[in-house]
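Participant: One structure, pasted below without further comment.
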Amino acid sequence: MISSSKRDELIVSKIRKGTVIDHIPAGRALAVLRILGIRGSEGYRVALVMNVESKKIGRKDIVKIEDRVIDEKEASLITLIAPSATINIIRDYVVTEKRHLEVPKQIRGLIKCPNPQCITNNDVEAESRFTTISIKPLKLKCEYCEIYITEEDVIRQIL
């Protein structure tokens, strides 16, 4: 007979090289794929695990992408919708780099201000700049027009 802990395990094969994004809040894996521009026809082998138990955050999603390493801009965007996420870089089936994401104090040029009157929406040269007010829940303040945006606003922009 299989023990309870063995029955509850979810097995997804290891990847030889690529990226594993772990500890994504449940239900956010599809938004992560959207950030990465993965729609399914790019040729990457992708494993998507959604809504599994996690000791760290209750329920979580996991994304594994073979033969793809994410860049800093992508990691910064993922941080905004999954601040508890961990990015693992895999080489020869071994984690060679592990990064715990953190929401930065300043966010520049990654997202747009939703205020149509904001200078960043009316001047091509103006780069959006936000200050992080809180992380849980995510609350950002535009440095130009002082409007506040939430995690849900960021997700709407991504989707």
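Cβ from N, Cα, C; glycine included.
Sharing the record's features from Swiss-Prot:
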BINDING   Cys113, Cys118, Cys142, Cys145  Zn(2+) binding site
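Can you tell me where each of these features sits in this structure?
Facilitator: Taken residue by residue with DSSP, Cys118 (Zn(2+) binding site) is part of neither helix nor strand, so it is coil. The number of other CB atoms found within 10 A of the CB of Cys118 (Zn(2+) binding site), across every protein chain shown, is 19.
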Participant: Would you mind checking how many other C-beta atoms are within 10 angstroms of the C-beta on Cys142 (Zn(2+) binding site)?
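Facilitator: There are 21 of them.
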Participant: Quick one: which residues besides Cys113, Cys118, Cys142, Cys145 have a Cβ within 8 Å of the Zn(2+) site's Cβ centroid, in sequence order?
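Facilitator: Other same-chain residues with Cβ inside the cutoff are Pro114, Asn115, Gln117, Ile119, Thr120, Asn121, Ser128, Glu143, Tyr144, Glu146, Ile147.
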